Amino acid sequence: MFPKNAWYVACTPDEIADKPLGRQICNEKIVFYRGPEGRVAAVEDFCPHRGAPLSLGFVRDGKLICGYHGLEMGCEGKTLAMPGQRVQGFPCIKSYAVEERYGFIWVWPGDRELADPALIHHLEWADNPEWAYGGGLYHIACDYRLMIDNLMDLTHETYVHASSIGQKEIDEAPVSTRVEGDTVITSRYMDNVMAPPFWRAALRGNGLADDVPVDRWQICRFAPPSHVLIEVGVAHAGKGGYDAPAEYKAGSIVVDFITPESDTSIWYFWGMARNFRPQGTELTETIRVGQGKIFAEDLDMLEQQQRNLLAYPERQLLKLNIDAGGVQSRRVIDRILAAEQEAADAALIARSAS
């Protein structure tokens with residue numbers, strides 16, 4: 001269903017600032033907290049004493065304390081102490097590889113021995129003072145692949161987002177899709193069009209005229225396990241489009257980290273990074289609020305689509321040219337899942353033979 005030997009965004013640092021956070025990821029119930037020296041830790045959200053969720057407890061001196069009977073858990077899933085009880089021999093619970101990077105907490109739900117922090121996608125905008133970022137989190141009741149489909153085919157903007165970023169020229173512009181290794185790239189360019197409301201506001205935010213024709217671009221990049229980063233923007237027409245000098249354009253990166261909760265639900269970490277007026281905190285908040293409203297327009301569509309697909313599992317869906325980005329992304333996911341299954345089967349055979 002979803003790759004497990006991969007890094008997913010689990011939460012943001014503020015979510016574990018003062019208490020543990022319980023969150024299901026890839027069908028695994030996990031509790032995140034800050035252990036010794038403030039390092040992020042993640043273990044199974046299950047107390048080995050009576051099965052209570054450890055996320056309902058608290059943290060004391062870097063130890064996770066069960067809120068039911070006070071059992072103390074260490075970062076590696078080992079029981080450390082319990083009031084009035086010797087704990088030697090208590091079974092360990094599963095612990096997870098976690099990393100704090102780029103303003104997010106990342107988790108590896110699979111085999112922690114395979115977890116290499118170097119595999120976390122490099123996010124240039126997150127460590128660069130010339131960029132600003134604002135975002136949020138939505139919980140959506142849909143298969144994570146439906147969200148990938150949605151983001152890799154922005155034709156829907158014309159209809160779902162008609163009052164903000166949609167325009168008829170999106171339908172009319174040709175789409176190009178290519179695959180580079182495990183990365184899928186879908187591109188669309190619209191020349192000499194009028195900017196829709198969201199982008200008129202962005203032009204004004206960058207001190208540019210918003211009532212003149214623009215060249216607009218959308219470059220969607222899928223990377224496994226389920227990340228989609230989209231370069232978007234507008235430039236005054238005839239100034240070079242995507243390659244226009246900064247003084248003629250407003251561009252940004254739409255950030256989409258899609259973390260499966262279950263087979264039919266996701267944690268959707270959304271945001272926008274921009275490299276114009278990065279010190280403008282009010283502009284960052286204005287864009288964040290506007291983008292949040294845009295993404296909220298997708299929620300009902302995706303959730304009702306999921307309900308339809310569950311109700312009619314035998315129905316065959318059409319595949320159109322505009323679906324190429326999503327189709328290719330699913331093929332990448334399928335290859336990774338097949339490789340994980342092959343490795344798991346080989347490991348099982350090896351254990352059986354020993």
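Note that Cβ sites are derived from N, Cα and C of the backbone, with glycine treated the same way.
The structure displayed is predicted, hence computed values, not measured ones.
Record features (Swiss-Prot):
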| type | residues | note |
| --- | --- | --- |
| DOMAIN | 7-107 | domain 'Rieske' |
| BINDING | Cys47, His49, Cys66, His69 | [2Fe-2S] cluster binding site |
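For Cys66 ([2Fe-2S] cluster binding site), the number of other Cβ atoms no farther than 10 Å from its own Cβ, over all displayed protein chains, is 23. Those same-chain residues not listed among Cys47, His49, Cys66, His69 yet with C-beta within 8 angstroms of the centroid of the [2Fe-2S] cluster site C-beta atoms are Pro48, Arg50, Ala52, Leu54, Tyr68, Gly70, Leu71, Met82. Within 10 Å of the C-beta atom of His69 ([2Fe-2S] cluster binding site) sit 15 other C-beta atoms, taking all shown protein chains into account. In the predicted model, the domain 'Rieske' (7-107) shows an average pLDDT of 94. According to DSSP, the secondary structure content of the domain 'Rieske' (7-107) in residues is 10 helix, 44 strand, 47 coil.
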